[in-house]
Amino acid sequence: MGEPQMEDLSTSNPVIELEGDEFWPLSGKPFFDVVLTKTTIKPMYQLVVPGKFSATLPSCSIPTVLTFQGKNWEMTYHGSSNYKKLDNWKVFAIDNNLKVGDACVFEQLECSSTRLVFRVQILRGDIPSEFLDRLDGDNVDTPIVLE
C-alpha cells in the first residue's frame, strides 16, 4: 500500500455544504457574539452591538441583512445613537425560535456605507431535559448544580 495522498487546500477553495444546525469555522472576517438575555428576546427584542465591535461600523443608519441557513432577514443598523443596534431583530429572533441562553455569532461578510451583511451562527443554550426538574427560577441564587 502506498502512502495516503494529501490534498493541497492552499490552492483550492473547498465548499462545505451544511445542513440543519451544523456549525462552521469562522472565515477570519470580523465577528461578534451575543448571549441572549431577556432584553434581546421578548418582550423588548433589542439587539445592541457590543461596543468594541460597533466602533468598526458606520456611524449612520444603513440597511442590514442577517443570513442563516440560506435565508435572509432585512433590518436596519442604527449606528448614530449611543447604543449601536439592529432594528427589526424581532422577526429574526421569532423565525429562528431564539430563547434566553442561546448565543449568536455574527460574522461580518460585507460592510460599506450603504449596506451591512452578517452571517449568523446560532448556538442553542437549551438545558438538557434531565436537569429541568432541578430548575427553580432563572437567577444566580438558584443555580443548577451538576454532581
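For all residues, glycine too, the Cβ spot is worked out from N, Cα and C.
Sequence annotations record features per position, and here TrEMBL assigns domain 'TF-B3' to 32-126.
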Tally of DSSP helical, extended and coil residues in the domain 'TF-B3' (32-126): 11 helix, 42 strand, 42 coil
Averaged pLDDT score, the domain 'TF-B3' (32-126): 92
